[in-house]
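Per Swiss-Prot, these features apply:
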BINDING   171-178, 196-200, 217-220, 287-290, 316-318  GTP binding site
BINDING   Ser178, Thr198  Mg(2+) binding site
DOMAIN    5-164  domain 'Obg'
DOMAIN    165-335  domain 'OBG-type G'
DOMAIN    356-433  domain 'OCT'
Amino acid sequence: MKTETDFFDQATIVVRAGNGGNGAATFRREKYVPRGGPNGGDGGRGGHVYLIADPEYNTLLHFRYQRKFVAENGGHGGKNAMHGRNGTDVYVPVPPGTVVRATIDGVTYSVDLARPGQRLLAARGGRGGLGNIHFATSTRQAPRLAELGEPGQELTLELELKMLADVGLVGFPNAGKSTLLSVISAARPKIAAYPFTTLTPNLGIVEVGLQRFVVADIPGLIEGAHAGVGLGHDFLRHVERTRLLIHIIDAAGVDGRYPWDDYEQINTELRLYQPELAQRKQVVALNKADLPAAQENLPILRERLPVAPEDLFVISAATGEGIEPLLRRVADLLRADPPPQRDPVDPDEPPLQWPLPEVDENAFTIEREGEAFRVRGIKIERLIAMSNLDQDEALDRIQRVLEASGINEALIAAGVQDGDLVRIGRAELVWDDSGQHAL
């Protein structure tokens, strides 16, 4: 069945994973056991947010109506060492061919979801907090210490769909691309005699005998498109994944340009945008052959264009002249160069993750922040986030970690003075010279 597709190819969404559940501080109620003994269970993990390449989708239109996706928080731990329930994961469908970008710690990362079923762990759920059962020692037999759940990750994602069309129609505005697409498929693009009538790609399914392929009408390119002139970047990126190009030229020169110059300029823009595009297989369609000016130009075009005769076609999208042999040639070329196999992903295949560099979680930095000192580090900031700062046992634990990790020593070397503020995550501690630590 021939179809028309509305196109929506860029979107910005926010994904927020669930927070981990809090650990419990509970005690057994048994005779002869001090305070009953700790038996608080751990909190559950917060739900993850995944993006999944779903072949049922072919645009990003659904993100026009929903832009924020939030996973469930983990359940809190309970008595009798009961573990909290893990939060339910959220799966956000995107069309295959979607490139996902996120900026994490000032660095932008991208992941390509090209294969059906491919998943990206976009936002990781927070760890569940440990219950007090983990903090019992020979000297602390009834600890009231339990961790809070770790906050879930929240990211803003930029989505860009690079279409998976087989054939791209390229050419100057008003060369006749939209008219041709409307003739060879059931697509109904907007058609009018002024530049940039087509501002988004239109897709059409073309049938040649038993063969079917997808054709994309790439919005008209102009000189300077590779540098973004005339929305050039928005247009050119859709050419990247096509297997073959039909280069349509207004052979009549209706807009006052020389048709042979149009050919050179479009190929120059393709080459400057991405050198590989200049090597992409092309067939050239000299359109508007029903006009007298085109008939006058055809001998010159055949002589000047560096195109093999079998790849040069004289057509009229308005009358249908020459279209059938053009499509047969396109079908033959596609059949001779099948697309790379994109088998669906095995459901057991692990999800893709952001390609973050390996880091030492124990590492930390100290910098001045006005009159205060700011300590940054993955492990120490996670500890702060998962600590109840109103609880004495939690503060004692933080102090032990600051001392054991070398942070206190580094603060002294950085010039911390009695009464100075020391900020770590959400915590503001006051340095105490007498004890050589922050409180």
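Just so it is clear, glycine is given a Cβ too, placed from its N, Cα and C backbone atoms.
Annotation note: Lys177 (GTP binding site) sits in a helical segment as assigned by DSSP. Burial estimate for the binding-site residues (Lys177, Lys288): highest at Lys177, by number of other CB atoms within 10 Å. In the predicted model, residues of the domain 'OCT' (356-433) average a pLDDT of 94. Gly171 (GTP binding site): 25 other CB atoms within 10 A of its CB, across all protein chains. Counting in whole angstrom, Ser178 (Mg(2+) binding site) lies 9 from Pro219 (GTP binding site) by their C-alpha atoms. Residue counts for the domain 'OCT' (356-433) under DSSP (helix as H, G, I; strand as E, B; rest coil) come to 28 helix, 20 strand, 30 coil. Ranking the binding-site residues Asn174, Ser178, Ser316 by the number of CB atoms within 10 A of their own CB puts Ser178 at the top. Over all protein chains present, the Cβ of Pro219 (GTP binding site) has 27 other Cβ atoms lying within 10 Å.
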